[in-house]
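Remarks on the structure that follows.
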Amino acid sequence: MKIMSKLNDQQQFRRDKLKNLVKNGFNFPSSTFEHDNLVEINEKFSQKSKEFFLENQVKIAFAGRLIRQRGPFFIIFSQNLQFQAYISKEFQKKNEFIFANLDLGDIIEVSGYLFKTQTGQLSIKVNNFSLLTKSLHPLPDQYYGIENPDEKYRKRYLDLLVNSESAKTFRLRSKIISLIRTFFDSQGFLEVDTPVLQPVLGGASAKPFITYYNSLSQNFYLRIATELPLKKLLVAGFDRVYEIGKIFRNEGFDSTHNPEFTSIEFYQAYANLEKIMDQTENLFRFLFEKLNLDPANFDFSNKKINFLEKFARYDMIEITSKLMNFDLKSANFADLVEKAKKEGVKIEPFFKKGHLINKFFEKFVEPTLINPTFIIGHPIEISPLAKSNPNNPNFTLRAELFICGKEFANMFDELNDPIDQLSRFQAQIIEKNQGNQEASEIDNEFVQALEYGMPPAGGCGIGIDRLTMLLTKNESIREVILFPQLKPKKD
């Protein structure tokens, strides 16, 4: 097995320096000072005059990574900013051994007094210096960054060090998740955690990852949704719940899909589909406001998107019929099969009328939905957890939110009739036996929970990765996931 590729000259020089340091007692020491907050230091002292620091001694200490050096001036990256340290020639000569073995990329700790340079830059004049960590590899160029995209994702730690835009994206992602929590917490929702390992496949239509639970001698699934356990909590009297967590779907990855992703699902007792659509729309507006984004003229994927106006709402079968110039309502299954063949739509053995209507929607309508649009009224065959429409039982009280041709949210008027739910699960088993690998299984424990009585409720799921793509204006999901899944690297 290959342990390490051949070292280049720079790597060998650094290892030789580390050997010298170790011989003289260096052992990757712990930090020794209480560190100051550099953001606060900048805010408090950056506008002070040079004379202020001659009259007032302000001592600070901090640690960070050495990223540039110009004579006695050392630029240290710490606490998400760059701070300049002045280390006199006399101090360097006094500590000649350490500085002779110092390289860019090393992590150092300094303390000393603040002063202003001739150009007015706030700096620290160092009187204590420690090497904390020796870097054995040179950092990528600060200007060019990591040019190979695959290497950028594999070595995200380097990308974040040298690419300020990447670092900004992930700090913003964290803020987005925090704001989502604020939005729901302020409305009395309770954040909960439900199991990642599930004995029964359900809550969505997706291929699962399967693992083996040794102590139970049983296969388990990594969850494909959090829906069913959250709805059990509605039965338990928790009227407003949400969960932010990882979801796993054993499917392909592309610019908008990753097999492991983060979602939020929220459920509200006594809310109908209209209320949940309004709630989702309000969440988007809340995020735009708190992130200081322009909702009326938002640029994404070379398109102008208007989030200020009320989101459009269209019935699925009506808009699909219109854009296809084909009456889906009056067509029978044979008509739809014939139309599918003409349009190059693949027909699976388990397809019924509703499956084909959905495929036509995906082909003819979905790519055209640029501004935020709710599509309402999905076929019952593809919506086993949503209430059927009392005025048209072949369709459901379900909606999806589309932006820029992509799905961003999926919401239901939740099915709470246990008899109907069991029947839907049984229909899913028939589909599975006919080859639908994404069909759900019968979750008898969930059905039994419904038998105790679940209040009428609405619920919604939103992919946080795709939402972050939108709000940070990134067109690849890999840009908003710290360590995205990649194909194995070839030797």
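Every residue gets a Cβ built from N, Cα and C, even glycine.
Annotated in Swiss-Prot:
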BINDING   GLU400, GLU407  Mg(2+) 1 binding site
BINDING   GLU407  Mg(2+) 2 binding site
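Other C-beta atoms found within 10 angstroms of the C-beta of GLU400 (Mg(2+) 1 binding site) number 19, with every protein chain shown included. The C-beta environment of GLU407 (Mg(2+) 1 binding site), restricted to residues of the same chain at least 6 apart in sequence and closer than 8 Å, consists of GLU366, GLU400, LEU401. Annotation note: GLU400 (Mg(2+) 1 binding site) sits in a strand segment as assigned by DSSP.
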